[in-house]
Amino acid sequence: MNPERSEYIEIPVLPLRDVVIYPYMVIPLFVGRDKSIKCIEASMNKNKKIMLVTQKEAEIDEPTDNDLFTIGTTASILQMLKLPDGTVKVLVEGLQRAKVKKINNENGYFTAQIQLICTPEITEKEQSILIRTTLNQFENYVKFNKKISPEILNSLNNITNASQLSDMIAIHMPLKLSEKQSILETYNTNERLERLMAIMESEIDLLQVEKRIRNRVKKQMEKSQREYYLNEQMKAIQKELGEMDETLDEHEILKRKITTIKMPKEAQEKMASELHKLKMMSPMSAEATVVRSYIDWMIQIPWNIRSKVKKNLTQAQKILDSDHFGLDKVKERILEYLAVQSRINTVKGPILCLVGPPGVGKTSLGQSIARATGRKYIRMALGGIRDEAEIRGHRRTYIGSMPGKIIQKMAKVGVKNPLFLLDEIDKMSCDIRVDPASALLEVLDPEQNVAFNDHYLEVDYDLSNVMFIATSNSTNIPAPLLDRMEIIRISGYTEFEKLNIAKSYLKPKQIKRNALKSNELTIEDSVVTNIIRYYTREAGVRNLERELSKICRKCVKNLILNKSLKKIKITTDNLHDYLGIKKYDFGKTNYKNQIGQVIGLAWTEVGGELLTIEAACISGKGKLIYTGSLGEVMQESIQAALTVVRSQANKLGIKKNFYEKNDIHVHVPEGATPKDGPSAGIAMCTAIVSCLTGIPVKSDIAMTGEITLRGQILTIGGLKEKLLAAHRGGIKKVLIPYDNEKDLQEIPKTILKGLFVHPVKHIKEVLNLSLENTPYFSSK
């Protein structure tokens with residue numbers, strides 16, 4: 001019997017994606033395509049009947065008749081609702097299977113001529129048997145599949161039509177789209193129910209296997225924690241499928257690695273404990289990841305691996321000389337240090353701390369020492385570190401914990417005796433809550449670092465074989481930390497030293513870096529001297545290197561743009577074409593002789609500096625005003641200087657009561673820069689005397705020294721840096737404390753040759769030498 005009716009019906013067609021509609025099925029549909037919305041509206045305007053056909057490929061947005069299955073379901077639109085976003089929600093009820101004979105696309109939506117499909121009739125007895133058998137099978141299926149509600153079974157028990165029962169069961173079965181369409185295209189009720197029962201039988205078998213796996217896993221879980229359930233279930237599945245590979249146990253590999261590393265006994269016991277703990281854990285657990293990470297760190301750390309240390313001092317001296325010009329005293333101290341270490345075969349001893357302004361070669365000197373000794377070089381920048389955990393590490397109780405920077409660097413370098421450079425040790429941040437400097441005490445103390453304890457490792461690590469060298473711009477370091485280091489000062493370079501450094505190191509380096517050939521660029525020595533004098537004013541050579549780099553870049557540009565240009569020669573005449581106008585004057589000061597203006601000398605982290613000090617006397621009520629971001633010590637120096645002037649007012653020809661009707665204002669320009677220290681005492685006193693007596697101060701004289709209330713001049717620090725600053729600034733005469741005369745032996749002769757340095761004991765000598773006219777008392 002042919003189930004298809006002979007008559008054709010014209011009806012709108014709605015293409016569906018990823019869903020198959022059966023008869024008796026009530027379902028909401030969301031319609032968004034313009035063509036589909038027109039189809040719904042056309043159906044609503046007629047008899048609310050529509051043909052629902054599924055697309056073969058859901059990804060197609062504009063399907064044709066070839067993209068649709070030929071068998072679908074006629075449906076009745078129960079409800080339609082237009083949504084704010086322009087889409088339409090419709091509630092449809094499947095009515096009857098139908099076959100599409102011809103599709104038209106003339107009115108902006110699909111219509112089709114269809115034939116309704118009638119289900120072949122079966123006897124009442126046969127129908128009763130099929131219903132009972134199918135319901136029993138579905139009930140058995142529901143027992144294993146907990147995702148299907150038992151209430152569905154109750155609703156199916158009331159169905160007396162076998163065809164309707166088959167469609168309702170198909171609705172609730174987790175079938176693929178192709179399987180659902182195949183069941184829709186099965187007209188015969190007997191065949192349809194048989195296919196569904198076969199699918200249910202297959203699903204029941206799979207569910208029974210899954211249940212068997214779960215039961216096996218639960219038995220295995222009795223000896224372990226429930227959190228390992230997922231991993232054990234995976235193992236059981238692999239065992240069921242026969243895909244379990246017999247590979248070398250990971251724990252055995254780790255155990256072999258640990259035995260090959262010669263760890264201290266404490267570390268070996270800790271590793272054995274952690275390995276046993278890892279073995280008892282599931283690899284999928286979070287705790288196992290933490291333990292595995294810990295074991296990996298312990299394996300990476302160099303417990304007994306050393307690099308061979310060179311002990312040839314002659315070779316070490318050659319390396320230091322080839323890498324750095326000058327710095328003779330620094331090199332001598334380093335060679336002494338290396339000589340002692342080579343004899344006692346250990347590095348226990350003072351930790352060297354190279355202190356000097358930026359650009360003088362502190363960091364590169366550390367690299368040279370590493371090369372001279374054959375040690376591997378590792379650098380740790382301490383600038384901005386403000387947490388002790390950066391040094392000691394975090395305890396493993398914290399999520400994402402890691403060893404401190406010390407242990408991390410040791411693991412990276414791979415040997416236990418590298419040269420470890422602690423760069424910018426004075427730039428660490430400290431406050432009342434955190435103090436990383438205290439954590440460094442254990443690292444730098446030779447008596448303690450044999451058992452350095454990182455919070456993450458939880459075992460002691462021997463740092464006694466590491467050669468630590470620190471660098472700093474100043475000695476503003478916590479006293480306990482400073483006490484553990486030997487300070488080696490690296491002062492600024494002289495003009496002669498800068499010239500040689502530029503010729504031997506900086507110029508070849510910049511020519512190579514900017515891809516120039518040696519014969520393409522010539523820079524005369526006089527040009528380098530002019531750059532040092534007129535374009536830089538620094539203790540080191542960093543800005544000098546920048547200016548040379550600027551010349552090289554411009555030369556490369558000119559050579560590329562001008563193909564006929566083969567060589568470039570830089571002379572003093574064309575230097576301004578490359579570097580612009582001169583930034584500084586050399587050999588002359590910037591000031592004329594003025595009343596109340598004195599040039600002092602300061603010593604800062606970046607080297608020596610000229611410090612202009614101004615004083616003015618104005619009508620007032622005896623106030624002392626000081627401005628210019630002055631620190632407490634400098635403010636006290638001003639008060640001491642004023643007291644000296646008041647105590648000797650008669651001798652200076654100043655009225656005794658000058659302070660009653662006058663205010664004295666002392667100012668140090670560049671107010672945004674903080675200034676402090678006692679060494680400007682004599683300069684403050686000279687400026688005050690000058691403004692009160694009206695005698696100008698000589699502009700070619702600079703001075704430095706602390707003053708007492710008796711007018712005595714006390715010693716100061718940083719003499720070499722201050723004299724270098726005076727030389728750079730074109731100062732001819734410098735007044736220094738008498739007790740600092742012995743320090744002149746440390747000053748290069750090239751500097752002393754261009755300066756007249758006059759040691760002074762008392763403020764009388766200072767005033768006689770620095771003022772244009774001799775004060776009243778000096779003639780006595």
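Cβ coordinates are placed from backbone N, Cα and C, and glycine is handled just like the others.
According to Swiss-Prot, the protein carries these features:
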DOMAIN    11-204  domain 'Lon N-terminal'
BINDING   Gly356, Pro357, Pro358, Gly359, Val360, Gly361, Lys362, Thr363  ATP binding site
DOMAIN    592-773  domain 'Lon proteolytic'
ACT_SITE  Ser679  active site
ACT_SITE  Lys722  active site
Integer Å distance between the CA atoms belonging to Lys362 (ATP binding site) and Ser679 (active site): 26
If you skip the near sequence neighbours and keep only those at least six away, which residues in the chain come within under 8 angstroms of Lys362 (ATP binding site), Cβ to Cβ? Leu354, Val355, Gly356, Thr471, Ser472, Ile490
Of Gly356, Pro357, Pro358, Gly359, Gly361, the binding-site residues given in the record, which has the fewest other CB atoms within 10 A of its CB? Pro358
Could you give the mean pLDDT over the domain 'Lon proteolytic' (592-773), rounded to a whole number? 87
Highest Cβ count within 10 Å among the recorded positions Thr363, Ser679: which residue is it? Ser679
Please report the three-state DSSP label of Pro358 (ATP binding site). coil
Lys722 (active site) sits from Gly361 (ATP binding site) (Cα to Cα, rounded, in Å) at a distance of 19
Which are the residues of the chain, Gly356, Pro357, Pro358, Gly359, Val360, Gly361, Lys362, Thr363 excluded, whose CB is within 8 A of where the CB atoms of the ATP site average out, their centroid? Leu354, Thr471, Asn473, Ile490, Ala539, Gly540, Arg542
Taking just the CA atoms, what is the gap between Pro358 (ATP binding site) and Lys722 (active site) in Å? 16
Going by DSSP, is Ser679 (active site) sitting in a helix, a strand, or coil? coil
What does the structure give for the C-alpha distance between Thr363 (ATP binding site) and Lys722 (active site)? Integer Å is fine. 23
